[in-house]
Each structure stands twice: as structure tokens, then as C-alpha cells.
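K.L.:
Questions regarding the structure given below will be posed in turn.
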Amino acid sequence: MSTYTLRAKHRRSTLRTLAFLSPWLIGFTVFFAYPLVSTVYFSFMRYDGFRPPVWTGTKNWTYVFEHYPLFWPALRNTLWLVVIMVTLRVAFGLGVGLLITKIKTATGVFRTLFYLPYLAPPVAATMAFAFLLNPGTGPVNSLLEKTGLPAPGWFNDPSWSKPALTLLALWGIGDLMVIFMAALLDVPKEQYEAAQLDGATPWQRFRYVTLPNISPIVVFAVVTGVIQTMQYYTQPLIAGKVASGVIQGAGTLFEPGYPDKSTLTLPQLVYNLGFQRFDYGSACVVALVLFALSMAFTALLMRRKGGLIQAGER
Amino acid sequence: MTQVLDKPLELKAPPSPAERTARRRSLLEWIAVHSLGIAAALFFTLPFVFVLLTSLMSDSQALSRDLIPHTWEWDNYRKVFDTPGFLTWWRNTLFYAFLGTALTVISSIPVAYALAKFRFRGRNLALMLVISMMMLPPQVIIIPMYLFWAKQLDLSGSLWPLIIPMAFGDAFSIFLLRQFLTTIPDEYVDAAKVDGCGDLRTLLKVVLPMAKPGIAAVALFQFFYAWNDYFGPQIYASENPGAWTLSYGLESFKGAHHTDWNLTMAATVLVMAPVILVFFFAQKAFVEGVTLTGVKG
């Protein structure tokens with residue numbers, strides 16, 4: 001083949017690749033790269049959407065870190081949720097995944113029942129839980145009182161609101177259950193048999209056979225869980241709104257993070273600063289903090305041999 | 001009956017003590033596993049049951065601590081549908097979900113195909129960028145995006161700022177589809193090439209028919225994403241109730257019917273029901289999709 005035809009062929013294959021990738025190339029530029037750069041740009045601007053933007057240097061940054069009363073509580077809440085909610089979700093998801101592999105009767109029914117809550121739309125699920133956990137009229141507390149157990153204030157008590165959100169998150173464990181179940185069924189049976197012959201206890205079999213085999217999935221679940229928690233928005237917002245009894249459009253001002261800032265997360269601050277206070281510049285500062293945190297966790301994923309990255313390297 | 005009697009009874013040797021302990025242990029394990037299973041089933045289903053029961057209570061009973069309705073108020077559901085706006089929210093949600101899903105699927109397929117089957121420089125980089133897009137919280141870029149759609153294109157008060165971007169590939173859908181397409185052996189693609197198929201024809205005639213389960217999973221995820229989306233409609237549609245979706249409107253429902261937990265829970269049931277119904281029809285595709293995101297490399 002002459003050089004000419006080779007080059008033509010090469011050019012054709014490049015064009016073909018570009019053609020197939022073109023929707024995403026446009027999408028990436030317009031809906032990812034450009035807004036990301038703009039976010040950085042606006043974080044140094046004073047901009048309310050009406051008057052033209054004014055360069056203010058690092059003023060937005062010092063405002064957010066030093067004077068905006070909601071920033072540090074929101075960051076603390078986000079970290080609380082990342083550590084406690086993610087850990088419990090992964091542990092519980094693995095537990096339920098293990099349980100479902102052991103159930104031999106009506107497995108399909110159990111699996112469907114365990115999975116359904118995952119499908120409940122977040123707003124609907126949160127409304128349901130705000131009602132169920134309502135200290136005054138909710139069925140959960142009336143059951144707890146009937147059995148003589150303490151009945152907490154849940155979404156109305158700052159020290160119980162995050163555990164209540166965690167409970168809601170544990171209820172929607174269906175996706176993790178399915179992923180863990182698939183991974184558990186993939187563990188080679190011979191390894192269990194060999195361990196059994198060696199007289200390993202059930203715990204030892206779990207520790208030395210199951211866990212090493214499913215560790216990429218555990219890493220995957222942790223990292224995606226952390227990323228999801230960075231975006232945690234709808235559930236804490238709705239829970240706070242419903243529990244505080246705010247009536248939309250009635251002139252009632254919603255206390256962000258009700259009760260006592262305890263359900264405030266970083267994404268809510270972007271909304272609060274940008275769309276309620278029309279301080280787009282400071283909203284971009286919070287957005288960039290969120291970006292830095294998520295990228296740090298994504299980098300962790302890229303380094304560890306998690307499920308996602310095996311895919312990327314293939 | 002006679003059939004059974006005709007068969008000789010199988011006489012088993014009495015179990016040895018070791019066998020007996022093994023059998024007893026497995027019976028205990030069976031009981032433990034199934035009690036745990038039932039406990040878990042209660043944890044996962046009772047919230048649904050309580051919501052359903054409350055949705056059928058009278059106004060005053062919904063505020064009491066009773067668990068079972070005294071009178072079954074099926075009329076609550078009619079009242080929900082009579083609430084101004086509720087039908088509009090349905091229409092908007094269906095529009096957003098169906099059009100958005102169609103656009104996402106159509107635009108993501110060629111990208112996923114290229115990432116799965118073409119060999120080109122920068123392929124891994126492209127894949128990394130897709131994954132980064134997937135990981136990015138939408139709030140990070142919402143300010144410039146809002147300014148772009150609302151101030152430059154004057155499209156706020158509608159769902160278009162949420163629908164139009166779906167015509168340019170969705171990162172999660174691209175990733176999921178690409179995962180699925182890598183499981184299709186390259187030999188099929190090569191064979192089609194040998195038979196003289198161009199890239200587009202190979203994709204449409206050979207790969208797509210095999211990729212149906214993957215496409216179904218992507219479509220379902222995207223449909224549920226639109227159905228559940230609260231943040232998007234809040235940003236772009238909040239100022240215009242005529243553009244609200246079910247997920248966004250549901251929250252305001254609690255405001256309009258401030259103390260009516262029964263009606264609020266009936267509305268909640270009505271927002272949950274279609275998702276669960278769709279799931280029962282497409283269970284396999286959905287579970288396969290979830291597995292694909294996490295397990296299959």
C-alpha cells in the first residue's frame with residue numbers, strides 16, 4: 001500500500017472517530033469545560049445577575065470562609081455524612097447482599113422487597129420518612145412508645161436529624177445489595193471448599209475468602225457513595241422544609257438546614273448563595289470547594305484498583 | 001395415589017451423631033437466615049405500608065397516632081387529582097422523561113460505540129473525562145449554566161435547559177453503554193467489516209440488536225433520573241408553576257395542604273407508583289444495569 005492511501009485511510013479513521021464522538025465532544029465543551037472555567041472566573045467577581053460583574057479579587061473567598069455563617073456547619077455536616085452514612089450504607093448493603101445469597105426460600109420475593117425502596121423518588125421517599133418519623137403523629141414513634149423505647153425527635157432534633165437521614169439512606173440500599181450480590185455469587189466456590197477443609201470458621205471464611213474477592217466492589221461502593229454524598233441535596237432540603245412546616249409561597253422564610261443548620265450540605269449553599277441571595281460569586285466559591293473535594297475522591301478512585309477503573313484501563 | 005404406594009419405601013440408615021449435629025446446625029442456620037430476612041423485609045416494606053394506610057385515612061385521623069384507617073377514604077386520591085396543577089405536573093414529567101430519555105439514548109450510542117470498539121489515540125483520556133463528568137456534582141457548574149440558559153437564551157421557566165443538553169450525550173449513559181458494548185465480542189464487528197459493512201451500518205445492523213439489554217438499562221435509568229430530578233426543575237422551572245414536574249410539585253403539595261398528611265401521602269403514592277410499575281415490567285434490564293455499573297469491568 002502506498003503512503004498516500006495509508007495516510008488517507010488514517011485520516012478517514014480519525015474523521016470517523018470524531019464523527020461518532022461529536023455529540024459528546026460538543027456536550028463536553030459546552031456543558032462541562034466552559035461552565036467549569038466560568039465558575040472559576042465568577043468566583044473572583046461580584047455578580048448579582050443584573051448589574052455587570054465586577055472583579056473583586058479574593059473577596060468572595062474570604063467572605064465564604066470567614067463571614068458566611070453557613071459554610072463551616074455545612075462542611076462539617078457533609079464530612080459527617082461522608083464518614084458515617086457512607087460507612088453504614090456500605091456495611092448494610094454488604095450485609096443485605098450476604099443475607100440474600102443465603103436465603104433459599106422465595107428469593108425473588110425477598111430480593112424485590114429489598115430492592116423497591118431504591119426506586120422510590122427521593123422527594124417522595126423523604127416526604128414519606130418525614131411523616132413516618134414525625135415525633136407527634138408518625139407511626140414510628142407511636143410504635144416505639146408502645147414498646148417502651150425512647151422516641152427521638154428525628155428531623156426536628158438537631159442531634160437526630162442526620163441519623164434520621166442515614167436511616168432513609170439505609171432504606172434505599174437496593175442498588176448496593178444487587179452489586180454486592182452479583183460480586184458474592186462470583187466468588188469461586190472452590191476457595192470456600194478449600195477453606196472449609198482447612199477448618200476455617202464462618203468468620204475466617206468471610207475475612208480471608210469473601211472480603212479479598214469482593215474488595216474492588218467495596219472500594220467502588222465507598223467511592224461512589226462518597227461522590228453521591230458530595231451531591232446530597234434533595235433529601236436534606238426536603239426533610240428540613242417539611243419538618244420546619246414551611247409553607248411554600250406564603251411568605252414564610254425557610255431556615256436553611258432546619259433544625260439548627262443540622263441538615264445543611266454544601267450543594268444547598270450553592271443554591272442559597274446563588275439563587276436566594278443572588279450572590280453568584282460566592283456561590284461559585286462554594287461550588288469550587290465542592291469540586292475540589294469531589295476531585296480528590298475521584299483521584300482516589302483512579303489510583304485504587306476499583307471496579308470503575310478496571311473498566312477504564314481495558 | 002396408587003402410584004405413590006407402588007413405589008418401595010426408601011429406607012435410610014439412621015443418621016450418625018456427626019450427621020445429626022450437621023443437620024441441626026444447618027436447620028438453625030436456615031431459621032436464623034430467614035428470621036433476619038423477614039426482619040429486613042419488614043424494614044424495607046413497612047414504610048410503604050404506613051404511607052399507603054395513611055393515604056386512605058380521613059383528615060383528622062391522619063393527625064392521630066392510629067395506624068389503621070377507621071374508614072377507608074378512597075376519595076383522597078380523587079382529591080389529589082383535583083388539586084390545581086397536579087395533572088400539569090404529570091404532563092411535564094412525562095414530557096421531560098420521555099423526550100429526555102430518547103435524546104440521551106440516541107446521542108450516547110455512537111459515543112459509547114466509539115469508546116468501546118474504535119482504537120484511537122486518546123481513547124483512555126476520553127474515557128477518563130467521561131468518568132470525571134459523571135463524578136461532577138451538578139452544583140459545581142450550575143451558576144454559569146443557569147446564567148447561560150436564563151440570561152443568554154431566556155429559557156428559564158421551562159424544562160428546555162434540562163432537555164436540550166441530553167441531545168449531547170450523557171456521561172453516565174455513555175459509560176454504562178460502553179461497559180455493555182465491551183462485552184460484545186469484537187469478532188462480530190470484524191465479520192461485519194469483512195462483509196463490507198461501513199461503521200454506521202455495523203453499528204445499526206449488527207451491534208445495536210445485540211445491545212438491546214444495555215440500551216434498555218440506559219433508557220430506564222435516564223427515565224428514572226428525569227422522574228426523580230428535583231434540583232433541575234427547582235433551578236429552571238420554579239418561577240413558572242406551569243412547568244413544574246411531579247417531583248418538584250410534590251414538595252409544594254405539602255405546603256398547599258399544610259396539615260393534610262393523608263392527601264400528601266396519597267400524592268406521594270401517586271409519584272412513587274409509576275416508577276415501581278415500570279420496574280415490575282422491566283425488572284431484568286434494570287437489575288442488569290445496576291450490576292453493570294459496579295461489577296463487570
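Placed from the backbone N, Cα and C atoms, the Cβ positions cover glycine too.
Copied straight from TrEMBL:
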type	residues	note
DOMAIN	B:90-282	domain 'ABC transmembrane type-1'
TRANSMEM	B:30-53	transmembrane segment
TRANSMEM	B:94-115	transmembrane segment
TRANSMEM	B:127-147	transmembrane segment
TRANSMEM	B:159-181	transmembrane segment
TRANSMEM	B:202-225	transmembrane segment
TRANSMEM	B:261-282	transmembrane segment
K.L.:
Near the transmembrane segment (B:127-147), which residues from the same chain, at least 6 beyond its ends, have a CB less than 8 A from one of its CBs?
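P.N.:
Contacts of the transmembrane segment (B:127-147) (Cβ under 8 Å, skipping residues fewer than 6 from its ends): 115, 156, 161, 171-172, 174-175, 178, 231-232, 235-236.
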K.L.:
Who are the long-range neighbours of the transmembrane segment (B:159-181) in its own chain, taking Cβ under 8 Å and residues 6 or more past its ends?
P.N.:
92, 95-96, 99-100, 103-109, 111-113, 115-117, 127, 130-131, 133-134, 145-146, 149-150, 153, 207, 211, 213-215, 217-218, 221-222, 226, 229, 232-233, 235-237, 243, 245, 289, 292-293, 296-297
K.L.:
At a C-beta cut-off of under 8 Å, are there same-chain residues at least 6 beyond the transmembrane segment (B:261-282) that contact it? List them, or none.
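P.N.:
Residues 51-52, 54-59, 61-63, 73, 76-77, 79-80, 83, 86, 216, 220, 223-224, 227-228, 246-247, 250, 253-254.
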